[in-house]
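Trainee: According to Swiss-Prot:
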| type | residues | note |
| --- | --- | --- |
| BINDING | Gly30, Met31, Ser32, Gly33, Gly34, Val35, Asp36, Ser37, Met56, Gly146 | ATP binding site |
| ACT_SITE | Cys121 | active site, nucleophile |
| DISULFID | Cys121-Cys218 | disulfide bond |
| SITE | His147 | site 'Interaction with tRNA' |
| ACT_SITE | Cys218 | active site, cysteine persulfide intermediate |
| SITE | Gln363 | site 'Interaction with tRNA' |
Amino acid sequence: MLISNTYNQHFPQLTQEQLARNATKKVICGMSGGVDSSVSAFILQQQGYQVEGLFMKNWEEDDDTDYCTAAADLADAQAVCDKLGIKLHKINFAAEYWDNVFEHFLTEYKAGRTPNPDILCNKEIKFKAFLEYAAEDLGADYIATGHYVRRAGDNENAKLLRGLDANKDQSYFLYTLSHKQVGQSLFPVGEIEKPIVRAIAEDLGLITAKKKDSTGICFIGERKFKDFLARYLPAQPGNIRTVDDEIIGRHDGLMYHTLGQRKGLGIGGLKNAGDEAWYVVDKDVENNELIVAQGHDHPRLFSKGLIASQLHWVDREPIRESLRCTVKTRYRQQDIPCVIEPIDDETIRVIFDEPQSAVTPGQSAVFYLGEVCLGGGIIAERI
């Protein structure tokens, strides 16, 4: 039996009754080959559950590229499962990923918006395809993942809470989940901080203990985003126009730029322009023009609110009256105090207490009441 003193210091000892109850439940833990899922599987074992792992392959890498680390990740996941003494199942969801995540990603970029495929992957793959496969084919009572979020309550009353580690909280990426999906999921590392996760992995001598966290979009990996996009979407160069209606340069394609972007515009050193940096303040998709302004505090960078659509509320109840809460318009952002005003069941108006910069159509706005993630939607337009 593997022992971790760090685990014993940070988790309460369960009663025999709790252990016996958990022993009747089968949990399929998504194993990514990273430290978070590795430690999640161990925690579940310590809590008495019947634990098995599942490695998902969601992307078919090209033979001539070495960006996708699927083979190495699978080897690490297998090594961890062998060490923990649990079975590892393998499943290929690449077709589902292409149809339900990647094609949407390309469509949004083509339309000049900036989508977040990781949110869609959680919605369509990890908490839909994986959840269904685990329940129907593997007989799971629960699935588990290494996400830094917490769950409160069961079944119809399940709520999604921020992870205990504020630096790692991933509730922003899981706002599309329903209370039913949350109720069928366990998030073992959501109750602890990242350094403790690594310490537990060190105690156990897991191969993933020092493995660096994966960054960026899963199917792009460490490669250059611009090079990757160019393989699927032909770039359409166009003019860079100032807010004063002056053309001052050319862009390679609107899809390569985001609101608030400062670097990589190639428009420095203009005569009579002063020293202040240029920022992207808008995209004119119709005319294929990038709109820029000087200064990090230019009014065009700021929005007093937003319109959001494609709404998902965790409790699946539409908001019918004004609600004061907080919102994040991008990951790792400080909470923004705001008021939600319903327009209809599918659309809301959000007014910030203070104007905010770089609110980006296509990204997600995610709402909170204290620790509870209420849900969110896609930013349709800035106000």
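Residue numbering: from 1, along the chain as shown.
Glycine is treated like the rest: Cβ placed from N, Cα and C.
Note that the structure is predicted; figures quoted are calculated from it, not measured.
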Trainee: I'm trying to understand the geometry here, so how far is the Cα atom of Ser32 (ATP binding site) from the Cα atom of His147 (site 'Interaction with tRNA'), in Å to the nearest whole number?
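Mentor: Roughly 11 Å, rounded to the nearest whole number.
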Trainee: If one measures from the C-alpha of His147 (site 'Interaction with tRNA') to the C-alpha of Asp36 (ATP binding site), what distance in angstrom results, rounded to a whole number?
Mentor: 7
Trainee: Through the lens of DSSP with three states only, how would you label Ser32 (ATP binding site)?
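Mentor: In three-state terms, Ser32 (ATP binding site) counts as coil.
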Trainee: Please determine which of the binding-site residues listed here (Gly30, Gly34) has the lowest count of neighbouring CB atoms within 10 Å.
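Mentor: Output over binding-site residues Gly30, Gly34: least Cβ neighbours within 10 Å is Gly34.
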Trainee: Please report the DSSP secondary structure of Cys121 (active site, nucleophile), reduced to three states.
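Mentor: SS state of Cys121 (active site, nucleophile) = helix.
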Trainee: Which residues, sitting 6 or more apart from Asp36 (ATP binding site) on the same chain, put a CB under 8 Å from its CB?
Mentor: Gly146, His147, Tyr148, Val189, Val197
Trainee: Report, in whole Å, the straight Cα-to-Cα distance of Met56 (ATP binding site) from Gln363 (site 'Interaction with tRNA').
Mentor: 25
